[in-house]
Amino acid sequence: MGAGHAHGGHTHGPAHARPAGHAGARYRVRLACAFVLTAMFFVVELIAGLISGSLALLSDAGHMAADVVALGAALLATMVASRPDHSGRRTFGHYRVEIFASGLAVLIMLGMGVYVLVEAISRFGSDAPVATGTMLLVGALGLVVNVISLLLLRSGSSESLAVRGAYLEVVADAAGSVGVIAAALLIRATDSTVWDLVVAVAIAVFIVVRAVMLGRQVVTVLAQHAPAGVDPAEVESKLASLTGVEEVHDLHLWTLTSGMDVGTVHLVVGPGATHSDILDEARRVLREGHGIEHATVQIETADHAGCHELGW
């Protein structure tokens with residue numbers, strides 16, 4: 001927020017005018033490369049899975065389809081989120097598109113996981129032949145594609161929720177490729193196709209666990225919980241300790257999208273308090289102490305703290 005400015009008791013920093021500040025936009029080219037690679041190999045793996053008769057390979061192909069959708073959704077999110085709003089009604093812009101893309105990835109992962117589990121249960125007891133040579137070749141090629149995609153997305157996964165969703169999809173798919181290779185080797189060693197089903201179930205469970213982890217983060221953002229690592233009580237205490245501040249109320253902290261934590265707060269000040277100094281100190285506490293770059297701080301006197309009259 002740096003050199004912020006104040007109007008009518010409110011303060012906004014540079015983040016207020018930063019149209020493309022979300023983290024995902026910085027990794028658009030890498031997302032595009034990973035998307036093209038994954039989409040091309042999905043077709044190969046799907047055909048190979050149908051030919052080989054391997055459920056593990058088909059489940060990995062299905063998960064790679066989820067990768068394609070997740071990567072495409074994340075790529076679209078980074079493009080749309082940075083567009084300016086010309087309607088005048090989307091006062092927060094399109095930043096939340098990135099979060100919705102992450103939610104879509106969660107739904108795809110859950111759907112694929114349940115499908116594979118149901119299909120594996122239906123196949124138990126059968127002993128249909130499986131082409132292990134095809135499994136080994138396609139599994140190895142899939143692992144190479146996954147590793148390349150992981151290298152492309154790794155740095156962005158810690159900053160952007162959409163990129164993280166795509167990254168987790170590829171991580172799960174890489175594990176699936178390893179599982180396909182292991183299943184093929186075990187089938188050859190034991191002459192039992194049950195390993196194909198075991199690996200398919202393992203892939204499905206892994207997908208579901210990853211989906212739940214990402215889903216919790218998406219829900220936290222959409223429910224507008226306080227940002228991870230930020231304690232609202234601690235923030236309120238620090239603001240209340242500022243010289244001239246008599247009361248802190250209506251403190252709200254939330255994450256708009258990846259890398260954009262925002263907040264609003266009302267500060268009741270005493271007679272003779274210098275409003276500009278209190279605004280500067282409040283910005284410093286929020287920015288340096290808690291990473292909240294964009295905050296709206298309303299300064300009130302005791303006889304104008306009207307928000308107490310509200311019932312919510």
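Glycine residues also receive a Cβ, built from the backbone N, Cα and C atoms like all the rest.
Predicted automatically and left uncurated, TrEMBL annotations should be read as such.
Under the heading domain 'Cation efflux protein transmembrane', TrEMBL lists 33-222.
Positions annotated as domain 'Cation efflux protein cytoplasmic' by TrEMBL: 230-301.
Within the chain, the transmembrane segment (31-58) has long-range Cβ neighbours (under 8 A, six or more residues past its boundaries) at 24, 64-65, 67-68, 71-72, 74-75, 78, 116, 119-120, 123, 128-132, 134-135, 137-139, 141-142, 145, 148-149, 152-153, 156, 163, 166, 170, 176, 179-180, 183-184, 196-197, 199-200, 203. Among the features that TrEMBL reports, transmembrane segment is placed at 31-58 (among others).
The transmembrane segment annotation in TrEMBL covers 64-83 (among others).
Summarising the annotation, TrEMBL assigns transmembrane segment to 95-118 (among others). Residues 22, 24, 55, 59, 62-63, 65-66, 69-70, 73-74, 76-78, 80-81, 160-162, 164-166, 168-169, 172, 200-201, 203-205, 207-208, 210-211, 214-215, 217-218, 221-222, 256-258, 260 of the same chain lie 6 or more positions beyond the ends of the transmembrane segment (95-118) yet place their CB under 8 Å from a CB of it.
According to TrEMBL, the feature transmembrane segment maps to 130-153 (among others).
The transmembrane segment annotation in TrEMBL covers 165-187 (among others).
The transmembrane segment annotation in TrEMBL covers 193-213 (among others). Away from its own ends, the transmembrane segment (193-213) comes close to residues 54-56, 58-60, 63, 66, 105-106, 109-110, 112-117, 119-120, 123-124, 127-130, 168-169, 171-172, 175-176, 179-180, 182-183, 186-187 of its chain (Cβ-Cβ under 8 Å, at least six residues beyond either end).
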Surrounding residues of the transmembrane segment (64-83) on its own chain - C-beta under 8 Å, 6+ positions past either end: 19-20, 22, 24-25, 27-28, 31-32, 34-35, 38-39, 41-42, 45-46, 93-98, 100-102, 104-105, 108-109, 111-112, 142, 149, 160, 162-163, 165-166, 169-170, 173, 207, 257
Residues of the parent chain within Cβ reach of the transmembrane segment (165-187), under 8 Å, 6 or more residues beyond its termini: 31, 34, 38, 54, 56-57, 59-60, 63-64, 66-67, 70-71, 74, 101-102, 105-106, 109, 130, 132-133, 135-136, 138-140, 142-143, 146-147, 149-150, 153-154, 156-157, 193, 195-196, 198-199, 202-203, 206-207, 210, 213-214
Surrounding residues of the transmembrane segment (130-153) on its own chain - C-beta under 8 Å, 6+ positions past either end: 27, 30-31, 33-34, 37-38, 41, 44-45, 48-49, 51-54, 56-57, 60, 64, 67, 163, 166-167, 170-171, 173-174, 176-178, 180-181, 183-185, 187-188, 193, 196
DSSP helix/strand/coil residue counts for the domain 'Cation efflux protein cytoplasmic' (230-301): 25 helix, 31 strand, 16 coil
